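Undergrad: Here it is, the structure in full.
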Amino acid sequence: MSQEKQVFSIDLAGRQLTIETSQLAKQANGAVLVRYGDTAVLSTATASKEPKNVDFFPLTVNYEERLYAVGKIPGGFIKREGRPSEKAILASRLIDRPIRPLFADGFRNEVQVVSIVMSVDQDCSSEMAAMLGSSLALSISDIPFEGPIAGATVGRINGEFVINPTVEQQEQSDMHLVVAGTKDAINMVEAGADQVPEETMLEAIMFGHDEIKRLIAFQEEIVQAVGKEKTAVKLYEVDADLNQAVREMAETDMHSAIQVHEKHAREDAISVVKKRVIEHYEAEEADADTLGQVSEILYKIVKEEVRRLITVEKIRPDGRKGDEIRPLASEVGILSRTHGSGLFTRGQTQALSICTLGALGDVQILDGLGVEESKRFMHHYNFPSFSVGETRPMRGPGRREIGHGALGERALEPVLPSEKDFPYTVRLVSEVLESNGSTSQASICGSTLAMMDAGVPLKAPVAGIAMGLVKSGEHYTILTDIQGMEDHLGDMDFKVAGTAKGVTALQMDIKIDGLSREILEEALQQAKVGRMHILNHMLSVIAEPRIELSAYAPKIITMAINPDKIRDVIGPSGKQINKIIEETGVKIDIEQDGTVFISSINQEMNEKAKKIIEDIVREVQVGEIYLGKVKRVEKFGAFVELFSGKDGLVHISELALERVGKVEDVVKIGDEISVKVIEIDKQGRVNLSRKVLLKEEQEKEAAKEEAAKEENAQEQQ
């Protein structure tokens, strides 16, 4: 292989994509620098020389953001990047999922794929560059990877599909679809959409796959030019004699145990068989390696039998039909002091979702590589160990929890009211209380119930369902509402969320090489039937969002002021706005266009704050009449407060109709008097007159007297 830098280029969505090899990170097994527009991502792949003594494939994928990529210096005291952002974690998962199925069963060498984002052009996706770079780094390396794969982002504008849309195009698009796969089939889908029909989503997936084929052909050319010969590795295999002996000892009893319908009873029955076999080999003083192989064989017996029952006999572990959904139960308003709550139960999967409404100042501030600076809608997913009857340390959210939370967020965001119609920050927290598969979709259903209970005026309710697939040769079975065992031992986890009108989110992970269009189409249609069944159940519990918000939710008043007056409301160093907040206990958020949001639980305090702000921004107009209060008396006149923060001077000559010798003869401090604005000078000083109003009143009285005289004269005639 040549050690000189080599450059390969292709056009991708009207922008140049360039791959540079053999210059950077040469000690990694494989490394490429991907340039897409002005985006630059360094992707590397490294593998251990020897297999690890573990019973799984130790693959780690890292998508590393560097703030220098967008010309930022990290905040905080340390001034360096800390833990990965949510976006970086989701990007790592996005790359991991299509790559993982393409390593051989039994491969136990540790593999680490790292993509460092070094420069960002917002119109050229760094995630797509990293996915391509990760695939290519593995493909040109000596690591036995059965790729390459590629990914593409698909948008839809005015009914037309667009590959890798720009930021401006994304704002106009009614879907954001990421699809990845090999040249033969799709193996990963991640999508958010604005209630798009299933048929359209399928067309978008296939449209993206056409672009994937082109990118894979491009990668194959690069591999042909600079790729290393793949290392021959020994795959993990169990001893053939041991395999036969264990199967003879355990298969019959294990097959019976698998068909126990209830989850915990089934797990106990399987454990009894496993324990008996392992104790037999422990009694024979088998070493750790042999005992590990025995566990592996027992696992394979379970997997093979579950798959055979589903594909051949069409029997699921819990006795359901392929398209049957577990029993449903829902409840709302179960937590009195929260703003909204929804409990959703599907079989032995249960999620309790809580909705909290906050002011717009409660938005989440984003400090990453994207153009978004904040978001007003959040969905957080928690998966405590007690939900599966286990014990483990309680730590912060892992990649899985962050991924499931983001999926729910993506599914629900399209049906949220606009900020103009509902000026609240919305936070959802989904607590998984029981788990037997499909918890992410249960959290979506629970969150819909919680928002409806909270009075959030959703455009439409959303439900989610997880589909599964078990494929053996030409035989396959698509499963509706998969449980934990079917997810773990099956070939697909296909989550579909949406309304009665269409899809709002998709997520698909495949453990086999990929799926055909026909299977995808069948899965989508079967998911729609299941989703509608769940939606109907949810609507029987709460048919529409509550009209009134919770008494414990903040009340928000919206008002508009002249943008030039924003500085007056805020005051020097925030002095004025902080004074209002301290006096009323409200939260105040001001937009650049002059929109003001005032929020608190106490509506009376909201109104008080609004009145204060109205007085601050109110402008004095020549000719207007005010009832003001005398604040100060001088020899030359009286200063009158027209409203909060606005004073004017009534000169001594303008106090009365007659000549006034002393101001105190007419008014004193604290008196309320009516005055008229007669002038605002160049310095902004307001000159007032009481005399003008007295004269006008005198003239009105004179006019009344004259009219009365004329009326009397007419009567006498």
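The backbone N, Cα and C atoms fix where each Cβ goes, glycine too.
Annotations per Swiss-Prot:
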BINDING   ASP487, ASP493  Mg(2+) binding site
DOMAIN    554-613  domain 'KH'
DOMAIN    623-691  domain 'S1 motif'
Undergrad: Since the record lists ASP487, ASP493 as binding-site residues, which of them has the fewest other Cβ atoms within 10 Å of its Cβ?
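TA: Fewest other Cβ atoms within 10 Å, among the binding-site residues ASP487, ASP493, is found for ASP487.
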Undergrad: Under the DSSP assignment, what numbers of helix, strand and coil residues are found in the domain 'S1 motif' (623-691)?
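TA: Split by secondary structure, the domain 'S1 motif' (623-691) comes out as 7 helix, 36 strand, 26 coil.
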Undergrad: Once the DSSP letters are reduced so that anything not helix or strand counts as coil, what is ASP493 (Mg(2+) binding site)?
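TA: SS state of ASP493 (Mg(2+) binding site) = strand.
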